[in-house]
């Protein structure tokens, strides 16, 4: 061993110098023990350094094995973009559903409802109903958008699904034929037809279930699933979109005049002795016209979050501190106003509240509205509200179908990426470079049938000697035939079950991270905090971006990682990249992420979550 470890291992030169300085202060027994301690430390550090280097080397080898050329890197990049885009769309829709924005509309689905946020788009009636629409369009514009969607997304997406799926299936079936033969029909469907049809999909299901299947049941199930999804995609893409007439909410006042419902204000308090604080008697404290209304429940009380009336904060603070319904009042001198500038002798102000707990419309009978100094109870509002159609249209989606199709595409993306990388790894192991194209597949199919059926070339020249019906019967007698590759099997057979058993912990982490990323709004609800002055985009975006790195890292680790060290390196690098990528977006804003909560007993609490 080198007597001066700092020369052979410069990373720990400072440790050697420090310990040499400290060694002069040691006693003789301690000096005798020092070389042992020093050597053990070096050995431990060198072992860790060797493990780290080996992990990076394993990760590099795994990447080279799966992505040997530029085309494979492009395919992997497109796969990551597709999966990332679907996860992002899922998250965006979850945010949109949990944090709705836009002008208040009591006619979200064509029927008047004073509490539209309580009307769920996930009911059975909303399966084919347009529950998320955009814009104010003419009929021609809405129709043009719908037709373009059907052509570009519907038909174009179906073609893309067919090409990617069948190309990947060809890779996987090639590796499967090294292990076990498949039928003539399955071979023709995968290598010759290159796209699914109703009849070919039915033949695949028949061959996989009753004849010769692939060596992996999971792969067979996924191939059938992908074929069915490809067949139905254009229909699903068309069914989940559409256009509908826009509606505005109207209300009949006591004089039977039709008034836009947004002109009605929520009645919050009535100050019966308002003349004591410079107001009129029976003074009505209301909210602004209803916009973006979604009741917020705080401690069993309901607050409209978009209240702009300057009197609300003053009255609300006074009510919390003094009114008997909210807090035990002290029958002493009280103060009123923004700066407590009005001194009030007992008793406290006589204030009535007009809102209560909101677990549903039936428990909200105390709510009232005000229009032109007239009070309208909830029963009147519910019975006299109506929806009036406008001359413009909105184009949008059925939220249930949109989530279902996106979920199906996300499952397909994960499965097709797994199958592609698994197949590429095996093909590299068996040194098979290319796939059978359409013409070569026809020749291989002919040779296999000629060998197994003992066909005479001359008999094929005359239709009278061997008809198609007779040839089909011959194939049925040999149970659909069998075709395989005759190259020697010198690679280790690894099915999906063995692979899943090896990566079960990483696969579990990926599933958990995927669920967290998609359902992030349920974990960081908006009603608990107002981020950036009411915009929670940055805090959710930061949490999402820091979570997306481990998500993509664990996914790639499950697909290409062969050792634990390689998987740790891939996950760590992608996590670091996504965390650093979000910093240029967050830091220039110079804003803190703080949650503002009003105390129930006066005072404001400001809790900074992230700076």
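Just so you know, glycine gets a Cβ as well, placed from its N, Cα and C.
Bear in mind that the values here come from a model prediction, so they are computed numbers and not experimental data.
In TrEMBL, the transmembrane segment annotation falls on 73-95 of the listed ranges 73-95, 96-118, 119-141, 142-164. Transmembrane segment is the annotation TrEMBL gives to one range among 568-587, 588-607, and that range is 568-587. Feature transmembrane segment, per TrEMBL, maps to range 503-524 of the set 481-502, 503-524. With a cut-off of 8 Å between Cβ atoms, the residues of this chain six or more beyond the transmembrane segment (544-561) that come close are 59, 62-63, 65-66, 80, 83-84, 87, 91, 414, 417-418, 421-422, 425, 503, 506-507, 509-510, 513-514, 516-517, 520, 567-568, 570-579, 581-582.
Counting only same-chain residues 6+ beyond the ends of the transmembrane segment (218-243), those with a CB under 8 A from a CB of the stretch are 128, 130, 133, 137, 139, 142-143, 145-146, 149-150, 153-155, 157-158, 161-162, 165, 169, 172, 176, 195-198, 200-201, 204-205, 208, 393-398, 401-402, 404-405, 408-409, 411-412, 415-416, 419, 496-497.
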